[in-house]
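Below: one structure, written as structure tokens.
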Amino acid sequence: MDPTELKRVFQMFDKNGDGTITGKELSETLRSLGIYIPDKELTQMIEKIDVNGDGCVDIDEFGELYKTIMDEEDEEEEDMKEAFNVFDQNGDGFITVDELKAVLSSLGLKQGKTLDDCKKMIKKVDVDGDGRVNYKEFRQMMKGGGFNSL
């Protein structure tokens, strides 16, 4: 990230404009962006990069933290794609009722024992109403608690 971009993003986090980001400012801004990192992990991240030991993040330290957060997001996205691909057995970019049933059955889960159960599960997350779950819908469902929330 170039220095101008870094400064712009830093200022977004530095709510009171004092040149440092507190743990609270960091947590609130990440949550507003849809990134949920447990407080304990956030504290550990800050401790790792807080070179001057003041408990806050300055712009130089923020550059390191930003890189760490983006790396974690990339890793989470990769895991999400792998999970989607397990369900999308034919690789067409969609999870069908039959694919959902096959995977849930192979996992021995009571959810999805019947095609009707699977149709109901898909209907709950099928935003575009095509009877299938695309990656975006799958991702949204998983961020909302996964299959247990259905």
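A Cβ is built for glycine as well, from the same backbone N, Cα and C atoms used for every other residue.
According to Swiss-Prot, the residue from GLU82, GLU99 that belongs to the Ca(2+) 3 site alongside ASP88, ASN90, ASP92 is GLU99.
Sequence-distant contacts of the domain 'EF-hand 3' (75-110), counting only residues of its own chain at least 6 positions beyond either end whose CB sits under 8 Å from a CB of the stretch, comprise 117-119, 121-122, 130-135, 138-139, 142, 147. Secondary structure of the domain 'EF-hand 1' (1-36), assigned with DSSP and counted as helix (H, G, I), strand (E, B) and coil, comes to 21 helix, 1 strand, 14 coil. Residue environment of GLU25 (Ca(2+) 1 binding site) contains 18 other Cβ atoms, counted within 10 Å of its Cβ in all protein chains. Of the chain residues outside the Ca(2+) 3 site list ASP88, ASN90, ASP92, GLU99, PHE87, GLN89, GLY91, GLY93, PHE94, ILE95, THR96 have their Cβ within 8 Å of the site's Cβ mean position. The shortest Cα-Cα distance from ASP92 (Ca(2+) 3 binding site) to any of the binding-site residues (ASP50, ASP54, CYS56, ARG132) is found for ARG132.
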